[in-house]
Amino acid sequence: MSLLHLAVISPLLLALLIPFLHKHFRKIHTGWFLLPLPAVLFGYFLQFISVTRQGDTVMETIPWISSLGIDFTVKVDGLGLLFALLITGIGALVVLYSIYYLSPEKEKLNTFYIYLLLFMGAMLGVVLSDNLIVLYAFWELTSFSSFLLIGYWNHRERSRYGAQKSMLITVFGGLSMFGGILLLNSITGTFSITETIAMSNEVVNHPLFTATLILFLLGAFTKSAQFPFHIWLPDAMEAPTPVSAYLHSATMVKAGIYMVARMTPVFAHSGTWVWLVAGIGIITLFWGSFSAVKQVDLKAILAFSTVSQLGMIMSLLGAGAAALHYGTIQDGYYIVAVTAAVFHLINHATFKGSLFMVTGIIDHETGTRDIRKLGGLMNFMPITFTLAIIGTFSMAGIPPFNGFLSKEMFFTGMLRIAEMDIFSFDTWGILFPIIAWTASVFTFLYSMIYVFKTFTGKYQPEKLDKKPHEAPVGMLIPPVILASLAVIIGIYPDVISGRLISPALRSILPALLDDSKAYEVHIYHWHGFTPELFMTIGVIAVGILLYKTLTKWTGVYRAFPEKLALNRFYDSGLEKLELGSLNITRGYMTGFIRTYLVYIFTFFVLALGVTLFYRNAFALDFSDVAPIRFFEVVLVAIMAISAITILFAKSRLTSIILLGSVGYTVALFFVIFRAPDLALTQLVIETVSVALFLLAFYHLPQINRKEEHMRFKLGNLLVSIGVGVIVTMIALSAHSNKSFKSISEYYVENTYKKAGGENMVNVILVDFRGFDTMFEIAVLGIAALGIFAMIRLRLTRGKE
Amino acid sequence: MEILMAFLVGILFMTATYLMLSKSLLRIIIGTGLLSHGAHLLLLTMGGLKRGAAPLLGENAPAYADPLPQALILTAIVISFGVTAFFLVLAYRAYQELGTDNMDRLRGKEGHE
């Protein structure tokens, strides 16, 4: 157990304490107990920067299930550290924010913070585990905690719906990824990511490669809300705003990005990977930004915006993976895409985090998030307005904020993809910069809608529940910090380029680098009059034009057929699935014991029949059989006839007498087969049984077989014959195949020697197998108690 | 003899299964009774028949019948009696309480599961 392991699981440990802290310190907001943890962890992880900067990594292992290759290995490298810093840094700010956002009187704070800690620990586990199985476990834990947090206000129908939706989609992806992990393991024989990367060549040339790749991407795409799985993210906005800011914007949804970045060294040598990651990413980018424009809820705008920005990072990773095909760094020509991806990942966390917090402030102070009701808030909330301006302008890619820098690099990456001469990018690649540019126009548009529809325009006090005013200081500090970061990074990008981006690049594209070198990352504001600059100018110009003429063209959205909406597919699909499974269950779970008996007997016949067949147990050998005497044949005939006659007996009495005759014949057989004890017991028991039957028959009704029609009988007959045949086969086969020597010899030899008895059967029962007999007596006792209770039950009932 | 017994056991199992699948409670109980008879004979047959004297050392025989199946069967006879008795009282009580011995009608009602 190293300090590093402790850091990963410390949130989970603290979660255990939360119920006590919440209970015993009711006057203090539970959030204050949490706040130090992510802050301390952030500081702790910061010191690793000096390690990763050197190109080194830190690795600690706790053996867990080593025989299966599953160990709790924690590895800190550039990529993992970047995410760990995001998780703890944004985590600290979100906890601080939530202290003012969630009222201790109205909300169940203990559950909220337990879920949040659960998530924090799980997410740290995802980004720092080097073992795929451990990573997978943490991965599912993030889905699970996300489910709990979305459904936090579980009295709301929409919350439950959103929680279920996110759970179904992300867990579907998680299971797919698990399949991918197992396939990958079957190729490489290891669960360690580091070792897997080293075996990249074998993976790429393996026949299962494409299947593995697609399963992994399903996991990443569902988690990172890529098209067409993005539909869960807008519904996840039912969660409290701090959660949306934390999980559904800054960290959890980026787990998919993390996975793609992490697996890039393994998969990136294939064209399928580049096309899928870049293609799905760019479609998501466009669809998200296009859909965001039509939203009227501030959080919905941000949700679609997040979808779109995640798509952008994804497409950059895909484009950057193509760099590996050129073998060398080539002056960072293609690496720029990956650099932009990492850079934008950080930028997105800063500006989107602050925007979510701004949304929470607006919601908190006005009581609504509907842009049709909002307007003119600028005068009431000047600080919030400033924060919103910084956030949205950065998102729209306007200088001097950090979003501008990454947006320019994004254009560069997309332009380069069009120039590539591999994987038919030379023909279709041109689509990438075109879609990217169009999507950026929409991004600009919804950013403007977000800020100007809320803060400028006509103030409509009659539509608001509360009189708006500026938020408390504590609620403003976190977004202020994030917005300042957006500005600082915007002005001095090199603050993070060497410390965070370059080590992360080394993790994503290790193959291109000699051990001693590091990626030289320099981010410039001014590149000269490049195509990127004109693209940005174009985005701003067209964006402003579209914003001014918004009312004239929004009809476009109504033209889209509602029937084709993905949510409709999801809803009706889920409905049909539930109905289908219900029908199937009802189809075989009839509630009749008879049906279940038929299943049991059929299974019995099939399982034994198939086993007998495959084990070749039909080699019958009748050389060693006992002779048959005439009267034995008579007894067999009597027994068989009695048994079969029971089937046709119409009266109860006949049935019982016939059963008795079978029983007494069995006793006779025992005599013939040299089993005097059995014969005695059987005689006594049979007499008592028949007496009991006669006693009961007096109380039971006549056998009515009119309700049994032909098909019913025929089905039963088939099953019965099957059972009869299979049992005969077993008896014959058991006689012919003696695989082992009987253990009976032991008893024959030792009966007198060890137990001092002469009757072997008796000695076995009361001595060698004495415990069996004791439990047998217990069973009889329980049966007797049951019978007694059933009769008593009637008496008490009768008295009432 | 063993072959003959194998077929007899098969017939017993067949009739027992058929009876257990019927709708009348009494027939089901008779079915379980037949099933246990079949099982006992099956055990005995599998051990081999008529090999040596009864398993009593006092016989002083050169060979004895296999005592182990006999011990098992003895246990089984007693247990099956207990089960049969329990079933009978259960059937009797069920008929008294519910007014039917038809398995189809004894099915749990909606909201009664």
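A Cβ is built for glycine as well, from the same backbone N, Cα and C atoms used for every other residue.
The structure displayed is predicted, hence computed values, not measured ones.
According to TrEMBL, the feature transmembrane segment maps to A:32-50, A:79-100, A:134-154, A:166-184, A:243-261, A:273-293, A:300-326, A:430-452, A:473-492, A:596-614, A:626-649, A:656-673 (among others). Annotation comment: TrEMBL describes A:65-113 as domain 'NADH-Ubiquinone oxidoreductase (complex I) chain 5 N-terminal'. According to TrEMBL, the feature domain 'NADH:quinone oxidoreductase/Mrp antiporter transmembrane' maps to A:129-420. The domain 'MrpA C-terminal/MbhD' annotation in TrEMBL covers A:637-702. Marked as domain 'MrpA C-terminal/MbhE' by TrEMBL: A:715-792.
For the transmembrane segment (A:656-673), the list of distant contacts is 632, 635, 638-639, 642-643, 645-646, 649, 679, 682-683, 685-686, 689-690, 693-694, 697: same-chain residues at least six beyond its ends, Cβ to Cβ under 8 Å.
Contact between the transmembrane segment (A:273-293) and the transmembrane segment (A:166-184) is not supported: fewer than 3 Cβ pairs lie under 8 Å, counting only residues 6 or more apart in sequence. Annotation: stretch A:79-100 has the most Cβ pairs under 8 Å to the transmembrane segment (A:243-261), among A:79-100, A:430-452, A:473-492. At the 8 Å Cβ threshold, with sequence separation of at least 6, the transmembrane segment (A:430-452) lacks contact with the transmembrane segment (A:596-614), having fewer than 3 such pairs.
Among residues of the same chain six or more beyond the transmembrane segment (A:596-614), those with a C-beta under 8 A of the stretch's C-beta atoms are 588, 715, 719, 722-723, 726, 729-730, 733.
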